[in-house]
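Sequence annotations record features per position, and here TrEMBL assigns signal peptide to 1-16. Per TrEMBL, the feature Zn(2+) binding site maps to Asp61, Asp337, His341, Asp378, His379, His453. Under the heading Mg(2+) binding site, TrEMBL lists Asp61, His172, Thr174, Glu332. Annotated active site, phosphoserine intermediate per TrEMBL: Ser111, in sequence order.
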Amino acid sequence: MSCGLILGSLVLGGLGKPQFPEQEKEPQFWNAWAQRTLKNALMLQNLNQNKAKNLILFLGDGMGVPTVTAARILKGQLSGQSGEETQLEMDKFPFVSLAKTYNTNAQVPDSAGTATAYLCGVKANEGTVGVSAAAVRSQCQTTKGNEVTSILRWAKDAGKSVGIVTTTRVNHATPSAAYAHSVDRDWYSDNEMPDEAVQAGCKDIAQQLFENIPNIDVIMGGGRKYMFPKNQSDVEYPDVAKHSGTRKDGRSLVQEWSDRMKDKKGHYVWNKKQLLSLNPNSVDYLLGLFEPGDLPFDLERNSETDPSLTEMVEVAIKILRKNPSGFYLLVEGGRIDHGHHEGKAKQALYEAVEMDRAIGQADLMTSIHNTMTIVTADHSHMFNFGGYTLRGNTIFGLAPMVSDVDQKPFTSILYGNGPGFKMTNANFFFCSFHSEENNYQAQAAVPLKMETHGGEDVAVFAKGPLAHLLHGVHEQNYIPHVMAYAACIGQNREHCMSSGGTSGLRLLITSARCGV
């Protein structure tokens, strides 16, 4: 069948029959659904004012609102539905707000400055992690005195267990803001640092992972090569030079960690089999580094050797929840962002669906009564979909008509800029089945080697104790302040220890200091 015939059959097939269930023709269907929703909403008038024992932040890197909507449709279509009416796990959260994502020096932000905002509670310059806006990117001498601490540290100081789970390198922008103070997000190891910065005393991010907060209970993700001496062969890819160690200082940070943790029930793993063979009840500290760099896209993941985000989250919670004081867990679906940068919408959306599965897994393992869970993004992307597609149209498919300017078909998914830009001639014709390929690069309006972030607000989904404090439109740095207030950690303790403040918290803490 030719491309033209494929397009024609798609359009005619779509117009020839209703694209929605018969019951949706009846007003009673919609009225009953709305009434059920109304009853649920009225129940929210009884606010959850408990103290949050546990805190979980799911961060979809680059997961703007269009990505959330498209992932919802994809999730439904993967289960045989038309998709639009599907509920993501995050859709079930009762409170939703918007976060303004700009960096102090950037209208359209990057992942480092935003991570500093939603983890450390202060806005910062792009490209910097764990430092205030007084620090200048790549200028080592501006680090000292401008460090800011994260909610992960506040939780640790309060006696909670803490964890980081990511599909990127564990020393990438998002996770690094939880523990590092670096004026350059790219200083993964000392190999990526200028000599003068090393000589001036600045530390690479991998080193800071193990030294700034020495007892992070759970660390899982990629980034193995940054932990080993330069040119040391990788355990999984011994013959691939680009995966060898990078460290100029000759240190094996993994070995140092293992030596320090050997009498503390600490375990280092580098593949899925090792991870899933652990008994979480016998593990107090876990370091899992499953790839030399980032973990593979979920569509390309070897399910025998690399764990999924959901599997990592399950193990993490099993370890962290043993602490009677509770835990803080940062989970990053980090490769949503990478898929979008490469113009590969299918990769990005499958990453978002996998993160939603992980959210569902966490929900099964925790209680809304004592666990605050937040799902948000650091920033958006130049990704969108449109074209008046019919109900149930595959999210990666064509619009139901051709352009009324050049009479060519086009996909519903488009990027404002990126590598999918195509200069076409009169003989060009688009084949619909190409857009279903895993690495298809959706068409972009402006040619760039890498697609850029978007600057619009991102959604913040919240549930659990005091989740109602996330409402309306807020600065992104507000997020950790709410989480800290709900858990009585960091600077927000007065309402936990005094007779005033939130009554639910006061009732819960009558004879003990907050966090003890």
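Backbone N, Cα and C atoms are what each Cβ position is placed from, and that goes for glycine too.
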Would you mind listing, in sequence order, the residues at least six apart from His341 (Zn(2+) binding site) in the same chain with a Cβ closer than 8 Å to its Cβ?
Gly62, His381, Gly418, Met450, Glu451
Distance between Asp61 (Zn(2+) binding site) and His172 (Mg(2+) binding site) at the Cα atoms, whole Å?
11
Neighbour count, 10 Å Cβ-Cβ cut-off, for Asp61 (Zn(2+) binding site): what number do you get?
29
Alpha-carbon distance [Asp378 (Zn(2+) binding site); the residue listed as 'active site, phosphoserine intermediate'] in Å:
6
Determine the Cβ neighbour count for His379 (Zn(2+) binding site): the number of other Cβ atoms within 10 Å of its Cβ.
28
For His453 (Zn(2+) binding site), which residues in the same chain are close in space, meaning a Cβ under 8 Å from its Cβ, but six or more apart along the sequence?
Gly62, Val108, Pro109, Asp110, His379, Ser380, His381, Met382
Neighbour count (Cβ, 10 Å) for His172 (Mg(2+) binding site):
28
